[in-house]
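A.B. asks: Shown below is the structure under consideration.
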Amino acid sequence: MATTTTEATKTSSTNGEDQKQSQNLRHQEVGHKSLLQSDDLYQYILETSVYPREPESMKELREVTAKHPWNIMTTSADEGQFLNMLIKLVNAKNTMEIGVYTGYSLLATALALPEDGKILAMDVNRENYELGLPIIEKAGVAHKIDFREGPALPVLDEIVADEKNHGTYDFIFVDADKDNYINYHKRLIDLVKIGGVIGYDNTLWNGSVVAPPDAPMRKYVRYYRDFVLELNKALAADPRIEICMLPVGDGITICRRIS
């Protein structure tokens with residue numbers, strides 16, 4: 001049956017409203033910890049495979065961290081589980097973590113390491129680390145951690161300066177100041193062994209990497225967005241590594257050094 005002018009106008013108007021609504025949805029403030037579009041699906045993942053297997057110490061630290069005003073900085077529970085398994089899969093023993101916060105990912109790493117495993121952990125804020133330290137100590141893994149308070153770059157420069165340290169790290173996790181990720185990578189690529197892994201957190205950065213330029217964002221999200229985009233391009237073009245970007249937590253890029 002032929003469509004009348006009025007019906008066509010209504011259809012056009014409806015389509016226009018649908019497009020506007022879709023555009024408005026895309027312009028909502030970005031800031032969800034999980035990048036899954038379905039909260040129910042994410043909750044299903046947590047309740048089915050994450051929380052039932054989460055060590056009691058990690059659960060306790062997660063709950064303590066949830067009360068902290070900057071709790072959004074913590075590693076998500078599903079990402080903690082992923083890191084724990086990844087470290088076991090690569091048989092990591094000598095590791096490094098840049099950016100600790102209260103230590104959730106640090107604890108996930110320490111629990112996965114063998115008894116003589118080591119973590120060089122760096123963060124500018126010892127107070128946050130000490131919030132989780134009693135739980136880490138109770139879990140019996142504090143002896144694996146060498147915590148250094150202060151900016152990571154000077155420490156890395158000192159380590160890189162000694163060629164004996166080159167290629168000695170099995171696994172490195174970075175969840176720190178995004179504006180220095182490129183600077184970290186330039187140093188870490190020499191420190192991780194061939195076949196070793198570097199994990200960069202927040203590489204999808206609240207989904208902002210695909211947000212329109214005029215999308216409402218929190219100031220810190222907008223500020224660091226370009227640095228994350230720069231890192232992602234650099235990693236994709238780096239012939240010394242194989243990469244895999246995963247939508248776990250806020251996005252994590254796994255880099256395996258091949259040369």
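Each residue, glycine too, has its Cβ placed from N, Cα and C.
Below are the features listed in Swiss-Prot for this protein:
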type: REGION; residues: 1-29; note: region 'Disordered'
type: COMPBIAS; residues: 1-14; note: compositional bias 'Low complexity'
type: BINDING; residues: THR75, GLU97, GLY99, VAL100, SER105, ASP123, ALA152, ASP177; note: S-adenosyl-L-methionine binding site
type: BINDING; residues: ASP175, ASP201, ASN202; note: divalent metal cation binding site
A.B. asks: For ASN202 (divalent metal cation binding site), write down the residues of its own chain that are at least 6 apart in sequence and whose Cβ falls under 8 Å from its Cβ; none is a fine answer.
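C.D. replies: Set apart from ASN202 (divalent metal cation binding site) by at least 6 residues yet with Cβ under 8 Å, we have ASP175, LYS178, VAL228, GLY249, ASP250, GLY251, ILE252.
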A.B. asks: Would you mind pulling the DSSP three-state label for THR75 (S-adenosyl-L-methionine binding site)?
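C.D. replies: Its secondary structure by DSSP: coil.
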A.B. asks: Whole-number Å only: compute the distance from the Cα of ALA152 (S-adenosyl-L-methionine binding site) to the Cα of ASP201 (divalent metal cation binding site).
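C.D. replies: Roughly 16 Å, rounded to the nearest whole number.
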A.B. asks: So which one is it: of the binding-site residues ASP175, ASP177, which has the fewest other Cβ atoms within 10 Å?
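C.D. replies: Comparing Cβ neighbour counts within 10 Å for the binding-site residues ASP175, ASP177 gives ASP177.
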A.B. asks: Compute the mean position of the Cβ atoms of ASP175, ASP201, ASN202, which form the recorded divalent metal cation site, and then list in sequence order the other residues of that chain whose Cβ is within 8 Å of it.
C.D. replies: THR75, GLY99, VAL174, ALA176, TYR200, THR203, GLY249, ASP250, ILE252
A.B. asks: So how many other Cβ atoms are close to GLY99 (S-adenosyl-L-methionine binding site), meaning within 10 Å of its Cβ?
C.D. replies: 23
A.B. asks: Could you state the whole-number distance in Å separating the C-alpha atoms of GLU97 (S-adenosyl-L-methionine binding site) and ASP201 (divalent metal cation binding site)?
C.D. replies: 11
A.B. asks: Using a 10 Å cut-off on CB atoms, tell me which of the binding-site residues THR75, SER105 is the least crowded.
C.D. replies: SER105
